[in-house]
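According to TrEMBL, the protein carries these features:
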- 268-281: compositional bias 'Acidic residues' (COMPBIAS)
- 259-288: region 'Disordered' (REGION)
- 46-64: transmembrane segment (TRANSMEM)
- 76-99: transmembrane segment (TRANSMEM)
- 111-128: transmembrane segment (TRANSMEM)
- 134-152: transmembrane segment (TRANSMEM)
- 173-195: transmembrane segment (TRANSMEM)
- 207-227: transmembrane segment (TRANSMEM)
- 309-335: transmembrane segment (TRANSMEM)
- 341-360: transmembrane segment (TRANSMEM)
- 372-391: transmembrane segment (TRANSMEM)
- 403-420: transmembrane segment (TRANSMEM)
- 465-489: transmembrane segment (TRANSMEM)
């Protein structure tokens, strides 16, 4: 009853707010009486999925403080760090799709494959120094991106965790990502030793690769010993994925009582995405089934949802520019060391959970989501404007503007995903091409474009890197604000 009252009154709390970031939609109210299916739910398997999420985020950001130094040691420009960091995101664009499809049949095998590929990728990243090969370095990072199993982690929570525990598991997924984002740069900054062992070099540039290779090897052993593949009832699984009518409606159909009218949402989806509804059982099934391709998933998106995906793209682009070029910019303007850059990035990452506590527990209950959404976009825009180098550039200006931009983007991400999880079509809550996959692809593409922009801007010189990379961020941010204003009334 309390959950029903909270839903009707739009009241929320930190746990619920954080859980919605995972875009694992709750299809019904949680009940404490729901039995736990011991054949599907296994706590250690859930923990292994969360550990995979944490390690992958550490793997993503551990190289950020040293990527520019590594590029220069291989004879490339410092701004090539954009390609080095972004190559992982390029591969993730494709890996998210096949991992999501693979999770229809198994969870254990894709996690094993992910661990092996990430082990190989990190080893190649570390070995590139002794081979003096930028190609091996980039191939290693591509391998790391091909091992991104976040789609599997999200799908396991959606399919195998009982409804009454799903909110906590979703919050754990988001928290593991946030902690990995903060821990990665901090760990990279601590790896400052320099020695050789059997012609292999261990220094601040190669140690992130060696450490992560060891971490994934340990994880693989733990996975092999402790993970339990959930029981799969083929007939039940096919029915759950192909049939989309709710239980009451299924019972009515079995008794020969076909609904006279579709729900308005389903009717609209049928008209928009699948053509005219002809009233047949097959059309009813198709109109409510999960999306079968990226194209059909895109056709299910309403204009307001598309605007929210644009907002997600914008904030991920702005954050990636800030994080990926931080080492180059701070070294050029302030002469910061690797440790200083790592501390700055770790401090930014630490703000994620406290900011979500404040927004989820207080701000979201005081203002409408669309109001917080627009205010956050404006603050991100202000942070970008303050980051530009006009006359002189000081440490307080860089730190304060970066903090404003990052924190505002975090608030924006939380509110945007929370709103997105409520307005996205229920047909995108399951299947291979689900809402989580779409948001992941949007964010990953933003990272790819941002890192590519950094490398291309590097050809103009490090003195122009900051302003050149901030300009696209500003334009995209302004475009998202305009789009939000035009769809203001349809965001709820």
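The backbone N, Cα and C atoms fix where each Cβ goes, and this holds for glycine too.
No curator has checked TrEMBL annotations; they are predicted automatically.
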Can you tell me which of 76-99, 173-195, 207-227, 309-335, 341-360 gets the most C-beta pairs within less than 8 Å of the transmembrane segment (465-489)? 309-335
Would the transmembrane segment (403-420) and the transmembrane segment (46-64) count as touching if the test is at least 3 Cβ pairs under 8 Å, pairs 6 or more apart? no
Considering pairs 6 or more residues apart, do the transmembrane segment (309-335) and the transmembrane segment (207-227) have at least three CB pairs under 8 Å? no
Taking the transmembrane segment (173-195) as the reference, which of 46-64, 76-99, 207-227, 341-360 gives the largest number of Cβ pairs under 8 angstroms? 46-64
To the transmembrane segment (341-360), which of 46-64, 76-99, 134-152, 207-227 is linked by the most Cβ pairs under 8 Å? 46-64
